[in-house]
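Here is the structure we will look at, set down as structure tokens.
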Amino acid sequence: MFDGYESSEESSSSSSSEDSEDEVRSIPASLPIIKNNGQVYTYPDGKAGMATCEMCGMVGVRDAFYSKTKRFCSVSCSRSYSSNSKKASILARLQGKPPTKKAKVLQKQPLMAKLAAYAQYQANQQSQSKSKSVVPVEGFDWGRYICSNNLTGAPVSCFKHVPMGCFWGDVTEGVRVEVLNSDTHLSTKVYWIAGIVKLAGFKALLRYEGFDNDSSHDFWCNMCVPEIHPVGWCASNGKPLVPPKSIQHKCSNWKAFLVKRLTGAKTLPPDFATRVQEGTQYPFKKLMRVEVVDKTHLCRTRVALVEQVIGGRLRLVYEESQDGTDDFWCHMFSPLIHSIGWSRSIGHRFKRSDVTKKIDGLMDAPAQLFLKVKDVDQSGDWFKDGMKLEAIDPLNLSAICVATVRKVLADGYLMIGIDGSEAADGSDWFCYHSTSPSIFPAGFCEINSIELTPPRGYTKLPFKWFDYLREMGSIAAPVKLFNKEVPNHGFREGMKLEAVDLMEPRLVCVATVTRIIHRLLRIHFDGWEDEYDQWVDCESPDLYPVGWCQLTGYQLQPPAAQTTRETPPNVTKQKKKASQYKGQKKKRKIPVGRRPVVFDVPLRRSSFSDDEEQTPPHYLSNPSGSRRPPTSGVGRECAIKSEASLQLKEETPEVDEFTFSQGISDQESNGSGSYYIKQEP
């Protein structure tokens, strides 16, 4: 950021040597610094947790900066920021203009000074990690896990909410791509053709062209990373194609070999990388205000601010949180979040925020960004208070329980209570939409051979709906009111995926589909007991294909057996009790090796007070853009014709180098939309 700038010899009266000494003393000792000629420097490694002083431009560890907002490195910078003599220089620096003589900037550091500062910073980080007893988790190797157990990953087309979810038809076994050639003795980057042998989510097992049935050099790669290119990319960008050294002796004319092999083969469309990039753009921005379920009292919502967006998952911090630790994770398409004013519009309970201080950049998230529910007709035969049904317990997602409609809200929403475990004040009622795939008519579990959890304390077992309704003097909700739509989701039992542990929603774990009932999936977390399984809808935004965490930069929690060689004393295996309600789901015991740094509070049943039916004031500002609906349709098939021409390049005597011509669309000629490698004259 400041490389190339030189320190000004002239300085204003406010930047005297005495002031410089004050600044040095005011910087916390934990900040890695290097002193040189009276100046103070830090090493900006670009990692998360770094901050830049808005006054002097110093880059350092964010936690060591001054003030709650972490905008300044010292008290003097904070005070000087408000002086008129500095404003012009600051504005010029932010706009990328050369600094004025009065602007105080940093000298370019010698390499050794940077390395020394970085070493000190790393040492501090390691000491902090030891003091917190947090062991970092190494990257999980999906490829080895799948191959060693002969597993199958759910295809990306099963997940419409992820990048390329609607366009994955272009990626199949046998598709050819251009990738880096790792089997070479050349010092420069060279490429070669590889074919997809096996697919598992975003991950593909690739084999270099020419190895035939030899799998010794097969490798796994995420198909959506920038290193994957369609055939013809090397020719367009001047990159050499060089065969792997292990097979160079097998063929004397690699040009003819590739022409023969690639005849009629498919490759990726030229805009594949663009589509991936567009799929990783998310409309929610930091400091947008939303209404989200109160994780401590399920029956009400609270205002929260978007603090972080990773792969469409939002880290929401409740507005009243003083230190930013009272947070909640969910996907931007989750039914748990809504636009400001939603609670008042449907009659849902809402906790008013006492925060009156406005933050710069704060705005209400536009209503069009949120998941739309199906319109329903509540006139005539509709849900009524007291009707019985079956529902997934939001506090124990492995159980489908006997439940009751406690309150009918507007727009098709219902407040549901789990029989036998409700709080006296209804604080654990949960809001489901009438079209929710998480509620079922009475008898659903019996018909589909699913264990129904009876009310706690109910002794007449096995549970029979007819007897229970007669004893309670209740009626069952009509079957016709429930959502019976079953999409062709594509999931199969045994498929692997990455799934959110909804009882610890900050965690995304290695998981398996173990059972499928229409659109309902039973998700098992690998390495954990069955009691931690969760019932999830096939279109849930909390399910992701293999490789999603790698693509988005989210931390994947590996199977428990991968990180814990010894079972912690507080984690014991328990057999799941049949026909007895367990009550609140226990918080998952996280082994030391996989325990995340971020902490969260689990959902729990408890009573509450100070619950007010009010809506917070609106902030009328709108974002520059809004979410676009995904484009429907299947991607075009891309074929490589035999007319392909290869341009031979002989830059080294030992190996052959050649390039493909970039394929062009023949859409103008025959309207097929396929892509070919053009024959050159």
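FYI, residue positions are counted from 1 along the chain as it appears here.
Including glycine, each Cβ sits where the backbone N, Cα and C put it.
Note that the coordinates shown come from a computational prediction; the quantities given were computed from them, not determined experimentally.
Under the heading compositional bias 'Polar residues', TrEMBL lists 559-572, 659-673. Per TrEMBL, compositional bias 'Basic residues' is recorded for 573-590. Residues annotated as domain 'FCS-type' in TrEMBL: 44-79. According to TrEMBL, the region 'Disordered' annotation covers 1-29, 559-590, 603-681. Residues or ranges marked as repeat 'MBT' in TrEMBL: 140-244, 252-348, 350-455, 463-559.
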Query raised in the report: Can you count helix, strand and coil residues in the repeat 'MBT' (463-559) using DSSP?
Result: 19 helix, 31 strand, 47 coil
Report task. With DSSP as the yardstick, break the repeat 'MBT' (350-455) down into helix, strand and coil residue counts. Result -> 10 helix, 36 strand, 60 coil
Requested in this report: Within the repeat 'MBT' (350-455) only, compute the mean pLDDT.
Outcome: 93
Report task. Summarise the repeat 'MBT' (140-244) by DSSP state, stating how many residues are helix, strand and coil. Result -> 19 helix, 30 strand, 56 coil
